[in-house]
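J.: This is the structure I have questions about; it appears just below.
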């Protein structure tokens, strides 16, 4: 039997085994306590939902081992609160995803994720030069212009900009 839109599941978070805030085991707040999500059925779609919920753009299901260190949930007898999630990808939170009432998970089967941000679309323009092939480098993101700092700027940096603009 599956539960959908469980009002007892109110928050999701990541518990990280490193100083990174974008990866770790997935935790949920359900019924007044924090616990973990089982990795049974855990996939890219579920990872994307939890990453969006906590403020990232996308995510990927990841290994439970980070740099040879077991994640915190694997060191303790953690409570598994959600098992066999079946997110469709359109949900805003894990709360909206159906999951199984059957809990056949152990504390070493916690779901983990690595979240990331998409790089925004941008263009590069040269301004203030005698023609369009010279000038100050500006990056344009969503119609906003940003000047590129020239600290440690060198010929290799200039060559990348020229290639981005179609020059050889």
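Count begins at 1; order follows the chain as displayed.
Positions of Cβ are set from backbone N, Cα and C atoms, glycine also.
Pulled the feature table from TrEMBL, pasting it below:
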type	residues	note
COMPBIAS	10-23	compositional bias 'Low complexity'
DISULFID	87-97	disulfide bond
DOMAIN	12-116	domain 'SRCR'
DOMAIN	124-168	domain 'SRCR'
REGION	1-23	region 'Disordered'
J.: Using all protein chains shown, find which of the disulfide-bonded residues 87, 97 scores highest when you count other CB atoms within 10 A of its CB.
T.: 97
J.: What residues elsewhere in the chain lie close to the domain 'SRCR' (124-168), defined as a C-beta under 8 angstroms and at least 6 residues from its ends?
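T.: Distant contacts of the domain 'SRCR' (124-168): none.
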J.: Mean pLDDT across the domain 'SRCR' (12-116), rounded to an integer, is what?
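T.: Mean pLDDT for the domain 'SRCR' (12-116): 76.
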